[in-house]
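K.L.:
I'd like to ask some things about the structure below.
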Amino acid sequence: GKAGHGTRCHGLLDTAVSGHTLASAIPELFPNLIDSVTPRTQLPGQPDPPGLRAERGSPHRPGPGGATGRRNREEEPEEGSGGGTGRRNREEEGEGGSGGGTGRRNPRKDQEAESERARCRRSCGRGRHGGICGKGWAGESRAVPLRAVPCPSGPPCPHRLPFFSCQGAPVAIAVAVVAASALLLLLLRGTARRPSGPVTLQDPLAKYPLRLLDKEEISHDTKKFRFGLPSTNHVLGLPVGQHVYLSAKIDGNLVVRAYTPVSSDEAKGYVDLIIKVYHKNVNPKFPEGGKMSQYLDNMKIGDTIDFRGPNGLLVYKGTGTFLIKPNKKSEAEKKFAKHLGMIAGGTGITPMLQLIRQITNDPKDSTKCYLLFANQTENDILLRAELEDIAKRHPEQFVLWYTLDRPPKDWKYSSGFVTADMLKAHLPPPGSETLILMCGPPPMIQFACQPNLDKLGYPKSSTFAY
């Protein structure tokens, strides 16, 4: 639902759950249901239900707000159900706003009506409107335990409405309970999952020093780094599609790099990063290697490094809905995608895995994912076992394809750089419900991915590069 409606529903739900009676919340949650069974408000000119006209003349009747007690004739102005006001007069029976009609009162009829009402209250046991509570259901500020009270034999109770009668009370209660249960289920299904513990990343501008717990070698040049959160109950608190920044002083300069965790955001007490370590004198184009990756590789267990986040221009809200900012200062634009194409290179797989996990783990999410994963050699394919396991368990929802610069002889997937033919064969075609995501080395995005997507007719509004 819309934000305002959802907030209101959550507030009422929290009230009911926190110990207040469900009966007090139902008129707010189900006004149409209540209005269909008891007239909470009368329109101007609408006649009173049979038997209620005389009741309006009773000096002991409950007021519009549900309070009881003898009417003070010094405080006579009364606001009727329709919002009008008027002064009650012993000679005139007109009542502002109620639309109940005017005329001279008949003492004998008033006495008969009061006797009838007293008999009804004794027989029904719980007051007017059929025993729901001491003063009726609608508009009451105090509720009492609900129970059905059988009516004795005799003439029909004039104050009993068809649904909220003594015989109908169990039906009313059953309908209300079923309706409330249905609403609760709807709220739980339609609400984004709340964090399962205290959130670490409370402020996207603050830095949080996290301690290195473990390092694990994934491949010849890639490692998994596990960092501890403030407590074993903490979660990171990173929305799907977002990333964190790691910062450190290296050789007197502040170095900042962005990373997407591979651990689930429901993981308590830790966060995992998979990082490729670029060593010195390995790549002639980058003789100094990677400053941050080498810094992390040289960290000792127990050392800390600053985390900052959440950050990023894309957030996945679930069930195919994305919020994407063209730049940091722009407002997020909503994009819906039934078909999600992904192009990843090397460690650019991490944000894609984050999305793939979220989509395939959500039974309500029918988004179909297509991943083209580019690497140099077969040994460079990160997280291969998990990707292929997801593809095996969700063949209708996740399609996986590889391309290698230097493939082995028996390689059954594609070879070489990303081409237009490769994209056409393994990604969803252009369309209003198609979104293409890219993450990898800048040259791959700039010279292979984006030009070929343009060539195939994918509009810029349907592509996004991390």
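Positions of Cβ are set from backbone N, Cα and C atoms, glycine also.
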K.L.:
Check TrEMBL for me: it has Arg257, Tyr259, Ile274, Lys276, Lys291, Met292, Ser293 binding FAD, so pick out which one of Thr200, Thr321, Thr350, Thr360 it puts in that same site.
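P.N.:
Same FAD site in TrEMBL: Thr350.
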K.L.:
Which site among Ser293, Thr350 has the most other CB atoms no more than 10 Å from its CB, taking these as binding-site residues?
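P.N.:
Output for this query is Thr350.
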K.L.:
In which DSSP state, out of helix, strand and coil, do we find Lys276 (FAD binding site)?
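P.N.:
The residue in question, Lys276 (FAD binding site), is strand (DSSP, three-state).
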K.L.:
Across all chains shown, how many C-beta atoms besides its own are within 10 angstroms of the C-beta of Tyr259 (FAD binding site)?
P.N.:
21
K.L.:
Please spell out the DSSP helix, strand and coil residue counts for the domain 'FAD-binding FR-type' (205-317).
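P.N.:
Taking each residue of the domain 'FAD-binding FR-type' (205-317) in turn, the totals are 8 helix, 56 strand, 49 coil.
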